[in-house]
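According to Swiss-Prot, the features are:
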| type | residues | note |
| --- | --- | --- |
| BINDING | 82-111 | NAD(+) binding site |
| BINDING | SER219 | substrate binding site |
| ACT_SITE | TYR232 | active site, proton acceptor |
| REGION | 379-406 | region 'Disordered' |
Amino acid sequence: MERWPWPSGGAWLLVAARALIQLLRADLRLGRPLLAALALLAALDWLCQSLLPPSAALAVLAAAGWIALSRLARPQRLPVATRAVLITGCDSGFGKETAKKLDAMGFTVLATVLEMNGPGALELRACCSPRLKLLQMDLTKPADISRALEFTKAHTTSTGLWGLVNNAGHNDVVADVELSPVATFRNCMEVNFFGALELTKGLLPLLHHSRGRIVTLGSPAGEMPYPCLAAYGTSKAAMALLMDAFSCELLPWGVKVSVIQPGCFKTESVSNVSHWEQRKQLLLANLPGELRQAYGEDYIEHLHREFLHSLRLALPDLSPVVDAITDALLAARPRPRYYPGRGLGLMYFIHYYLPEGLRRRFLQSFFIIPCLPRALRPGQPGATPAPDTAQDNPNPNPDPSLVGAR
């Protein structure tokens, strides 16, 4: 097929014009991403000239160049000025690190903690400016939430409240739904959903006035059925849906809502081995005899060891999550969802596009590889035949002496 040079030249002229405008505005990221984009555009140019008529080639090349330069634009950030932000759960992890970064940027930070004299609160007092204010708050106590609302109003009379970061979260069991006490589900919902809901609703008048931001820490466990995290995951799923509702309803008020869905990061609470050991012992101590007989203590020990093994993959650098929270607060056009962390793109692709059996096996291999409960193992007294489960289970008859080994 004869090649037409004019669509190529016209498209490249449009791309060059936009690139020049972005350069003059200091709104174009230079370096390898730009070189890669130009190489891909050159390859697309050759394909378009070979396969498409002139008008279609011009349209495709111009659109591709426009999209590429849009992706390479520097994110437009709002000035910090005198903005104030309330962050919950600043005793450790994402909340503490976000409070430190926003304080260093010049924000007025209102940070809630469970313990005013705990290590996290002491660290924030030592390394942050006097602008940072600490408040003790337990999201399961309505009186604490009411006090936090009054505290926030009192400390933002001159600046207004620009943002709320719903970071505080709770999970204290890693076990099958049948083994998890109903109280665990209630506790997760109280902190991760109802407490955050009450606080958010109470702050909406201030956020209406500032046309500010709501940023909420979610979890992929709220979108994918992670093994043994049902109590935590259901509360995070409820919170994510609530934020989607807020996003639609608050749009006329100019309030923007973002949900951060982080991967596996090594926060203090997640990597606290002694805490998880205590929770396992408490679960075993309160397990009804019938369930203890059906599942076996070695089954729970296996889940515990698998969970601790999965934590070895946790990322120690929390900055991707902190950066995502910062962008959601200051970007001119914040994203509705942020996915900081390694491998999340692959996980979501598998979850949404591959068959259910493959999805389940992938999550198990990534997080907790299950074994059969005692009552389903061949050779056990009163064992229940389970041909379907045995066929799907990668480890149907584990040797108790090797439970948790890899």
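Cβ atoms are placed via backbone N, Cα and C, with glycine included.
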Residue with minimal Cβ packing [other Cβ atoms within 10 Å] among the binding-site residues THR82, THR98: THR82
Spatial separation of the residue listed as 'substrate binding site' from PHE94 (NAD(+) binding site) - C-alpha basis, Å: 13
Residue pair THR98 (NAD(+) binding site), the residue listed as 'substrate binding site' - Cα distance, angstrom, rounded: 17
Subset of binding-site residues (LEU102, GLY106, SER219) lying within 10 A of the residue listed as 'active site, proton acceptor', CA to CA, in sequence order: SER219
Same chain, 6+ residues apart, C-beta under 8 Å of the C-beta of GLY106 (NAD(+) binding site), given in sequence order: VAL80, ALA81, ARG131
Nearest-integer angstrom distance between the alpha carbons (Cα) of LEU110 (NAD(+) binding site) and the residue listed as 'substrate binding site': 24
Nearest of the binding-site residues (THR82, LEU86, CYS90, LEU102) to SER219 (substrate binding site) - Cα to Cα: CYS90
Mapped DSSP class for LEU86 (NAD(+) binding site), helix or strand or coil: strand
